[in-house]
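See below for the structure under consideration.
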């Protein structure tokens, strides 16, 4: 096979890996953690993966603490945790 053919194959496999959804078995464990606003009092919009609905949902992050199930964008959440494209409701997180 020529080097051009190998590069084309490599490009195709890379694209396929990026577009293939993550199965529940391959999902990082932190994707199963609950939304955690943390201990600080800022009001930063973030997203977390909700395994019950298989969706990335919005929550308000306090700015410190919390856990790894915390993403700046819905796309980051979907890419990392393999959520469906449906948009779920924005849950309310009680402030301390």
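The first residue you see is number 1, and the count goes up from there.
Note that Cβ sites are derived from N, Cα and C of the backbone, with glycine treated the same way.
What you see is a predicted model, and the numbers here were worked out from it, not measured in a lab.
Less than 8 angstroms from the CB of residue 31 (disulfide bond) sit 49, 51, 69, 80, 81, 82, each of them six or more residues away in the same chain. What Swiss-Prot lists as disulfide bond is 31-81 (among others).
Residues or ranges marked as disulfide bond in Swiss-Prot: 40-64 (among others). Taking all protein chains in view, 13 other C-beta atoms sit within 10 angstroms of the C-beta of residue 40 (disulfide bond). Look at residue 40 (disulfide bond): DSSP puts it in coil.
What Swiss-Prot lists as disulfide bond is 56-77 (among others), and the listing cites sequence analysis. The Cβ neighbour count for residue 56 (disulfide bond), using a 10 Å radius over every protein chain in view, is 28.
Annotated domain 'BPTI/Kunitz inhibitor' per Swiss-Prot: 31-81, in sequence order, evidence recorded as sequence analysis.
Residues or ranges marked as pyrrolidone carboxylic acid by Swiss-Prot on the basis of similarity to another entry: 25.
According to Swiss-Prot, the signal peptide annotation covers 1-24.
Look at the domain 'BPTI/Kunitz inhibitor' (31-81): DSSP puts its residues at 10 helix, 15 strand, 26 coil. Mean pLDDT, taken over the domain 'BPTI/Kunitz inhibitor' (31-81), works out to 97 on the 0 to 100 scale. Taking the C-alpha positions, the distance from residue 40 (disulfide bond) to residue 56 (disulfide bond) comes to 22 Å.
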